[in-house]
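Trainee: Would you mind keeping the following structure in view while I ask a few things?
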Ligand SMILES: Nc1nc2c(ncn2[C@@H]2O[C@H](COP(=O)(O)OP(=O)(O)O)[C@@H](O)[C@H]2O)c(=O)[nH]1
Ligand SMILES: [Mg+2]
């Protein structure tokens with residue numbers, strides 16, 4: 001069973017489609033992670049390259065993924081925020097070796113958490129502290145400190161160290177998402 005098949009048990013809803021948002025700064029590893037998660041027969045629904053802004057959408061069985069970069073595109077913010085209300089789980093990817101932009105990742109996370117379509121929902125957030133294989137990478141504990149994850153009280157969250165190229169850590173994250181969402185996501 002592929003990782004994505006396992007995930008499709010998410011929410012225990014076999015029929016209804018579950019929307020997962022995969023977010024993070026550009027170059028953090030989102031596309032690599034999603035490519036590892038999706039089975040080879042997943043349809044690439046559409047890649048929408050508006051000027052300077054790309055939304056990747058994948059669909060497989062009862063799961064759909066919407067993936068986009070949150071950085072350097074402030075003026076496209078309202079385009080991507082439009083997807084928030086349909087998201088039932090969030091995968092937030094961080095480049096653990098990019099210390100310079102960790103503060104930007106934190107700003108984007110804070111903006112996300114304060115968005116009206118996210119703020120009052122107990123939507124589970126899975127963080128991937130990605131690129132753990134790189135010499136410059138900080139630990140997942142350090143990433144969670146830098147992003148102040150402990151201050152997230154009203155949503156279930158979990159952080160996993162990952163190496164998306166080798167596929168390490170992804171299973172643990174998917175298992176957590178699958179386990180948590182039965183009790184925490186209300187439709
Ligand atoms: N060393 C290392 N490189 C990674 C990892 N994940 C992604 N990359 C590389 O980082 C770059 C950006 O990845 P990509 O998935 O396109 O990032 P996105 O912009 O968030 O979609 C690519 O060159 C990937 O091969 C990882 O865990 N370790
Ligand atoms: Mg990408």
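Keep in mind that glycine also has a Cβ here, set from the backbone N, Cα and C atoms.
Feature table excerpt (TrEMBL):
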- 24, 25, 26, 27, 28, 29, 30, 31, 72, 130, 131, 132, 133: GTP binding site (BINDING)
- 31, 50: Mg(2+) binding site (BINDING)
Trainee: Note down the number of other Cβ atoms within 10 Å of the Cβ of residue 133 (GTP binding site), including every protein chain shown.
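Mentor: Step by step: centre on the Cβ of residue 133 (GTP binding site), count other Cβ atoms within 10 Å, giving 15.
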Trainee: Residues with Cβ closer than 8 Å to the Cβ of residue 31 (Mg(2+) binding site), same chain and 6+ apart in sequence?
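Mentor: Spatial neighbours, sequence-distant, of residue 31 (Mg(2+) binding site): 56, 67.
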Trainee: In terms of DSSP three-state secondary structure, what is the assignment for residue 31 (Mg(2+) binding site)?
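Mentor: The three-state answer is helix.
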Trainee: Go through 24, 26, 30, 131, the listed binding-site residues, and name the one with the sparsest Cβ surroundings, counting other Cβ atoms within 10 Å.
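Mentor: Sparsest of the binding-site residues 24, 26, 30, 131 by Cβ contacts within 10 Å: 26.
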Trainee: Using CB under 6 Å from any atom of ligand 2, narrow the binding-site residues 24, 26, 28, 133 to the ones that qualify.
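Mentor: None, by Cβ distance under 6 Å.
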Trainee: What does DSSP say about residue 133 (GTP binding site): helix, strand or coil?
Mentor: coil
